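Novice: Under the heading domain 'HTH araC/xylS-type', TrEMBL lists 1-60. The domain 'HTH tetR-type' annotation in TrEMBL covers 4-64. Look at TrEMBL and you will find 27-46 tagged as DNA-binding region.
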Amino acid sequence: MKRKTAREIFAESFRELAENKSVDKITVREIADNCGYSSATFYRQFRDKYDLIAWDYSRRLEAIMLQIGVKECSWRQSLIDAANYFQEQKRYLANLFLHTSGLDSFICNMSEIHFSCLKEIVQRVSQTTRLDAKTEMYIRIYVLGTVHLTCEWILGNYSVSPKELAEVYENSLPEPLRQYLC
């Protein structure tokens, strides 16, 4: 039996509160009280609630994306899994998109998380620790486009299934990255 860490408990508490309240209105005190911990314990784990949001999203995305090449998981399947995750978490993610801004904007954090994750995958597949600037730029432009498209999809600007969304992700992958991912 795996025990939950304090970080995981705080993340669950935050997601629970975010079901009924705008994330910008949720306080650290509420997050801590909701799970029976103190605010001091929260601050030993995270800088602030935005750090918690980024950590929680990062670990969930990595669990999906870092399966590429492991257990016969393909790029296409990981994109479908990611789109299904976005569908399942649509209400929560919409709350994050609509109620965070500036340096704490979820869309900015999401872009950086996706960039780091995709860069790590390309480095692993290419067996290198350093990518050239052009490859990093291809990763960056792909991430910026897909993150913004995901945001628009979550907010209801496009009514396509998660599988169709994953197909758009796959077909928009820049040609120079295909050798690493497809």
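Glycine too: its Cβ is placed from the backbone N, Cα and C atoms.
Keep in mind that this is a model prediction, so the values were computed, not measured.
Tell me what's around each of these sites.
Specialist: DSSP states for the domain 'HTH araC/xylS-type' (1-60), grouped as helix (H, G, I), strand (E, B) and coil, give 43 helix, 0 strand, 17 coil.
Over the DNA-binding region (27-46) the predicted model carries a mean pLDDT of 98.
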